[in-house]
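**Student:** After the structure tokens below, expect a handful of questions from me.
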Amino acid sequence: MLWKHILEVRKQAPLVHNITNYVVMNNSANALLAIGASPIMAHAHSEVRDMVSICQSLVINIGTLDEYKTTSMKLAIETAIELEKPWILDPVGAGATPYRDQILAELLPYRPAVIRGNASEIMALAKTNTSPTKGVDSSNQSDEALEAARQLQQSFGSVVCISGETDIIVGAERTIRISNGHPLMTRVTGLGCSATAVIGAFIGVTEDKVEATAAATALFSIAGELAQQISTGPGSLQVNILDVLYNMTEQQFIDTLKIQN
Amino acid sequence: MLWKHILEVRKQAPLVHNITNYVVMNNSANALLAIGASPIMAHAHSEVRDMVSICQSLVINIGTLDEYKTTSMKLAIETAIELEKPWILDPVGAGATPYRDQILAELLPYRPAVIRGNASEIMALAKTNTSPTKGVDSSNQSDEALEAARQLQQSFGSVVCISGETDIIVGAERTIRISNGHPLMTRVTGLGCSATAVIGAFIGVTEDKVEATAAATALFSIAGELAQQISTGPGSLQVNILDVLYNMTEQQFIDTLKIQN
Amino acid sequence: MLWKHILEVRKQAPLVHNITNYVVMNNSANALLAIGASPIMAHAHSEVRDMVSICQSLVINIGTLDEYKTTSMKLAIETAIELEKPWILDPVGAGATPYRDQILAELLPYRPAVIRGNASEIMALAKTNTSPTKGVDSSNQSDEALEAARQLQQSFGSVVCISGETDIIVGAERTIRISNGHPLMTRVTGLGCSATAVIGAFIGVTEDKVEATAAATALFSIAGELAQQISTGPGSLQVNILDVLYNMTEQQFIDTLKIQN
């Protein structure tokens, strides 16, 4: 079911426009190339609209944000909406500073097709930007983030992907859990940002955004899990995950996938 | 013939100033270090002239361009010309947006010693910036790019390197073809940009810019070809190409080189 | 003696705020993650103060400096001082341009807890910013840098780490020499910058800044030395050093350490 979306990315080789943070640019571009997509990274106000117009989708990541890039993001998103191209938001560090929360509050009304973040980012995002459901009294962070994800989904119509030991993908009518990956992945900078970029490629070629997000998340987490088995630490994991993404076969994917619909 | 230029770079260890894109900065710096050169990366208007004055050559790459860096580039190029230091232009994404084409039209009159790009970039560059020869009716893209390269060569006096399965180096009186490399190199972000940086080092130590470009191109493509043989995907290729560049011997170089003058 | 500080970093997992250069961001973040710390990279004027307030320490690296980031640095440093959080200065390219020297002259009065640079950077820094001791007539560069380091230490109260074949750590009352590492490390871009980031983590958890700097320097240099033994060039060294940092055991550390108090 999910594998066909992976084949579709390889076949269509979507152009994916990224306005992302400086720390992960190289890795995100390489992750996109490894799955068969083509990355573009550009942020000049003078050209960002034109770049979006030649791409299939847009990735917005607020790490290493500044005032100039915030405007770049808005110009890009406005163009994406005009041209009906999907965009994904990675709210890196949501809740860490008032500035980040303010920018996120300005971006969310543009209704991203997908939002992807870890539990605390999703919770921070929902706290500031949705009317909290009464009586939320969850026993652990995962449940809390799930409730927050549902609020975001309802408020902005976005598919929300909560990353973690289990990745939870929350759509309007479906919730999918994927339990692949490995804890060592958290010791490599920006793998989450690369996962977001990869989802960006999938939503560029697939109408069903829940399935697109699930397929991309499964692909990336499985790649991390398999890459960890041949790695001796975070340095080699960062390298091997690209090789595994590039070489992934349907058999490997099916044999490793741990999914719960 | 070409090997002596590689030895010259190792001996002189030229300082190479780079104003390049954020995606490839780390890899380009590492490629320069691996061949025995020393990278400098700086773009502040307040210091860019001083930086150029202590370097042997200048690399200008318009990926992740913006208004500030465009000015940095012009200040750097003007200084390079005043001090008679060679500079190389990598017209990343030429033709993708009007802004890029406008900036390229502003930079070309500074007459780069070398221009290096893929076939579509070279063609876009020539289309906007030269008087097209009548009757161009080439049967395939390589030939078209070759004609475009010749127009650029004549208009701006630059050596033009068209990268691709076969790299074609076009000088005023000579055309050199190098058929090394491997398709997997296109699945690693910024290897072309690193190749441009490497040419930047070679033109800093060699008078004959055609030979300098050919030697650098051969070195980089051979390194990619040999590195691919010990790699399992694009992640390991990005790492191995640096090791191979660093360890390249004359014997390996001669045994692998596929050149046509 | 030094090992306990390494354990302390792993235990406390300090948040380290970095305003550093674009070339090394990915590697510095990964080095911090590999030793058990958590990197933050942010520079927007609108949030940099808030980011410093949630961190244990601050890393300032002037590579790829510009006017905007200079202001970011000052805002961050002022906040660090208000909140009594230690900061470390990496004076990349000190002496290369008047602009760099001017910015460094503006930053030094904020009295960094630690300054880390190579011999020529430390000497350039002292020449411009301290009253030179008369009669300095050293026979070699190391001795000259040592004198410069002492001047900086006395003028600004900073621990000064001179990197090189032997790293020399100069405090008010102690001088420590560490002779680990390997020359191949100079062929990988930004390993010095990553070492600075690692010291940044250690000063966030350890009161004794001389010991913190010595422990971090020893850890990083030993990691480079051990990683080189399993590397075939600078590409694999950049990867392996992260794996070795992540897996370092007390036994490896003690068996490899070459220290002179």
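Keep in mind that glycine also has a Cβ here, set from the backbone N, Cα and C atoms.
Grabbed the feature section from TrEMBL, which reads as follows:
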type    : residues           : note
BINDING : B:Met41, B:Gly190  : substrate binding site
BINDING : B:Arg116, B:Ser163 : ATP binding site
**Student:** Taking DSSP three-state, what's B:Ser163 (ATP binding site) in: helix, strand or coil?
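**Tutor:** In three-state terms, B:Ser163 (ATP binding site) counts as strand.
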**Student:** Among all the protein chains here, how many other CB atoms are within 10 A of the CB of B:Met41 (substrate binding site)?
**Tutor:** 25
**Student:** What is the Cβ neighbour count of B:Arg116 (ATP binding site) at a 10 Å cut-off, with all protein chains included?
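**Tutor:** Excluding its own Cβ, B:Arg116 (ATP binding site) sees 32 Cβ atoms within 10 Å.
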**Student:** Just jot down the residues in the same chain as B:Ser163 (ATP binding site), at least 6 apart in sequence, with C-beta under 8 A of its C-beta; none if empty.
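**Tutor:** Sequence-distant Cβ neighbours: B:Arg116, B:Gly117, B:Asn118, B:Ala119, B:Gly192, B:Ala195, B:Thr217.
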**Student:** With CB distance below 8 Å as the criterion, list the binding-site residues among B:Met41, B:Arg116, B:Ser163, B:Gly190 that sit near chain C.
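**Tutor:** Contact set vs C: B:Met41.
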**Student:** With a CB cutoff of 8 A to chain A, go through the binding-site residues B:Met41, B:Arg116, B:Ser163, B:Gly190 and name the hits, or write none.
**Tutor:** B:Gly190
**Student:** Can you count the other CB atoms that lie within 10 A of the CB of B:Gly190 (substrate binding site)?
**Tutor:** 27
**Student:** Taking DSSP as the reference, which of helix, strand or coil describes B:Arg116 (ATP binding site)?
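**Tutor:** Once the DSSP labels are grouped into three classes, B:Arg116 (ATP binding site) ends up as strand.
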